[in-house]
């Protein structure tokens, strides 16, 4: 599981930062990639990575501001050209209006897609989707227009079958191991009964990634970010600009760091950086946040972060 940032700027592109887009790479887990926001130029950014558009099967849009959606029509069109009929379906999740924006853009440009395109427009907060490996939750944020944050929870991995322990118990190898790993109670040929649950190691705890759209401080942030292994939070303003952040419905680096500290986040990644912050000023943002939450980084375009499995606490073992 990796995060790769395709755009980390705020509002409009600059020489050093493109506008918002981040890829959650789940290639080892489900052989897929999920995109969060698709600002203008995202497909150009993808060309500078190893990301293959055919691997992207879900796109999550936080809100309808242009710096988060203007790259969608071009990306969808190029995805069609690159894969033809072999391209699998793609689903876009986002606020009301996202389907109109995409469909009208494709219609007026007479763009025909070679793959199935589906939309899920968000209405209710809570569980958005669930598959064998992940749950995704969506909750409203506090921005000038409807805006959402996403919490991706990986399900726990089942423990490994303890083969050495089975050998010590003189349990015969073979198909019986499969039944024991499934947690069944098995009767052996010698009449003994063994419970598979006694021969399975501890489960490996799944990871949690929280990706937020533009927002000022709101109670839902704690709900979204609690115990996250990685929190991706906007940082449009610096420490001394709290009033500006409030007025423009954005956040400061210190507000993001305070949230991370309060809810047990493991790592904080700050994005949506204003073009006013360049060179040494970026380091100032990071330094301000680190005073509150040390494991903080201001990200730049093409930064990639591996998300390790969390260590279990003693009371979870």
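Note that Cβ sites are derived from N, Cα and C of the backbone, with glycine treated the same way.
Swiss-Prot lists 63, 65, 143 as binding Zn(2+) 1, and of 195, 198, 214 the one it places in that same site is 214.
Here the Cα atom of residue 68 (Zn(2+) 2 binding site) is found 13 Å from that of residue 143 (Zn(2+) 1 binding site).
The recorded positions examined here are 67, 214; by Cβ neighbour count within 10 Å, the least packed of them is 67. In the three-state DSSP reading, residue 68 (Zn(2+) 2 binding site) counts as helix. Taking the binding-site residues 63, 68 in turn, the residue surrounded by the fewest other Cβ atoms inside 10 Å of its Cβ turns out to be 63.
A distance of 11 Å separates the Cα atom of residue 67 (active site, proton acceptor) from that of residue 214 (Zn(2+) 1 binding site). Per Cα geometry, 214 is the residue among the binding-site residues 63, 65, 143, 214 nearest to residue 272 (Zn(2+) 2 binding site). Around residue 65 (Zn(2+) 1 binding site), the same-chain residues at least 6 positions away in sequence with a Cβ under 8 Å from its Cβ are 145, 214.
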